[in-house]
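Annotation source TrEMBL lists domain 'Enolpyruvate transferase' at 18-436. According to TrEMBL, the 3-phosphoshikimate binding site annotation covers K29, S30, R34, S176, Q178, D330, K357. Taken from TrEMBL, the feature phosphoenolpyruvate binding site covers K29, G102, R130, Q178, R361, R404. Sequence annotations record features per position, and here TrEMBL assigns active site, proton acceptor to D330.
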Amino acid sequence: MSSHASAPVPAASRLSPALKGRVRVPGDKSVSHRALIFGTLAVGETHITGLLEGEDVLNTGRACAALGATVERLGEGEWRVNGVGVGGLTEPAGPLDFGNAGTGSRLMMGMVAGNPITVTFDGDASLRRRPMRRILDPLEKMGVQVIEAAEGGRLPLTLKGPRELVPITYESPVASAQIKSAVLLAGLGAPGETVLIEAEASRDHTERMLTHFGAQVSVEPYGAHGRKVTLKGRPELKPAPIHVPADPSSAAFPIVAALIVPGSEIVVEGVMTNPLRTGLFITLKEMGAEIAYENARVEGGENVADIRVKYSGRLRAVEVPPERAPSMIDEYPVLAVAAAFAEGTTRMRGLSELRVKESDRLLAVSKGLDAAGVVNRIEGDDLLVEGAGSAAGGGTVETHMDHRIAMSFLVLGLATAKPLNVDDVSFIATSFPSFLPLMRGMGAVIEAAL
Ligand SMILES: O=C(O)C1=C[C@@H](OP(=O)(O)O)[C@@H](O)[C@H](O)C1
Ligand SMILES: C=C(OP(=O)(O)O)C(=O)O
């Protein structure tokens, strides 16, 4: 089963004039999934504004409805969820289809754990390849039964929640907000305290939203870069309004575009600047990019700012340390694009998690750079990109059902000598449905049958 079985849509981007304008990218994908999930777990009505209406999030909304919540669209980005409470989910009539979304599927495995119901999780060919054992391991420790799963614990898989969930202390084997969130969401349904330890801090939107909805959660530092999160189970979550700020992972594309197309100057408005999400902006500044936060403010419990970016001449190559990976995990493909135009060799260290995203992003980026004529190599879990200040273009990039690969290479083609072709841009709709009109509105030349 696939929610996205349509024909591939090829595209090409070409050398573009200076990019200009003030733009607003859609709502943050991580916060949007969580807004619908927490709205479902609260008793009463949660009002959401700025929700990302991308396919990943819409699939989460449909899954919440299938579990008993009333999920309604009131207007553009404006949604209302009438929740059923922690432990109040009903068994869905059929399998839940999460399409392309790791976040939706993994968080909702945790969410259903505290309910004595049987639920089947499925997704598209990309999601069916991704590892789910990392979620099943802690959930099994809590008493969840894996009734059925594809080889290696992959989708499609069926879970059955126990009558009484056991709270656990779990040390996550990888820095992953999805593992952390699945354990904490399951912990809501367990009596007593559920503790999650991560050696490297990952994005903290779940912890923030738990507090926002009235759960008791405490966060302490753990080791040099880690955190220990303790949650008191079985709270009554109270509905709370949510305003979703603009997604820094989407803002990354126009920002890098402005840094590689000479003469550009743009502002991206209302971007979330949560420090656990801004590794890319820090790295670009280290490379010499002129990036300024203007009108910094707090909106809906998150820091946001308007981000002004000016073409800054040739960027400098840098070494990106492995401990920065969690705060810029989805941004490495587009950082590789910036690195292609920098002076010297950029080394991005510790990228093993990139191999288990919508595609093997380490390989997909390396092959895409090859197609664009950019010298690069993979050494262990590191990616090295030799910046030449220019790139030939001309080839075709394979996107492997991966929205970020598609958007990153469309950005690269805005500054290559020959146009750069991308085999399929349809998956951009999972996270950034307005990408093409937004980029074209700033002056980007992108040809696609969309
Ligand atoms: O929790 C989240 O919303 C996300 C966590 C990250 O995944 P991992 O937890 O697998 O690192 C990230 O890559 C994904 O896009 C969104
Ligand atoms: C990895 C991503 O998302 P997910 O894990 O939700 O599929 C992403 O959006 O880059």
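From the backbone N, Cα and C atoms, a Cβ is placed for every residue, glycine too.
Feature map: annotations from TrEMBL on the structure.
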residue	record	Cβ contacts under 8 Å, 6 or more apart
K29	3-phosphoshikimate binding site	L52, G54, D56, V57, T103, D247, S249, S250, S431
S30	3-phosphoshikimate binding site	T103, A177, R203, H205, D247
R34	3-phosphoshikimate binding site	L107, S181, H205, T206, M209
G102	phosphoenolpyruvate binding site	L127, R130, Q178, K357, E358
S176	3-phosphoshikimate binding site	R134, E198, S202, E353
D330	3-phosphoshikimate binding site	S249, K357, R404
R361	phosphoenolpyruvate binding site	Y332, P333, L351, L354, R355, D402, R404, I405
Fill in: Distance-selected binding-site residues near ligand 1 (C-beta under 6 Å), from R34, Q178, R361
Q178
Practice prompt. Kindly point out which of the binding-site residues S30, R130, D330 have a C-beta less than 6 Å from some atom of ligand 2.
Written response: D330
Discussion item. Given a 10 Å Cβ-Cβ cut-off, pick out the one of the binding-site residues R130, K357, R404 that has the most other Cβ atoms nearby.
Written reply: R404
Worksheet entry | Maximum Cα-Cα separation in Å among residues K29, S30, R34, S176, Q178, D330, K357, which the record lists as binding 3-phosphoshikimate | 19
Response to the item:
Model confidence for the domain 'Enolpyruvate transferase' (18-436), as mean pLDDT, reads 98
Discussion item. Please give me the CB contact count at 10 A for Q178 (3-phosphoshikimate binding site), counting all chains in the structure.
Written reply: 24
Item to complete: Can you see whether DSSP assigns S176 (3-phosphoshikimate binding site) to helix, strand or coil?
Response: coil
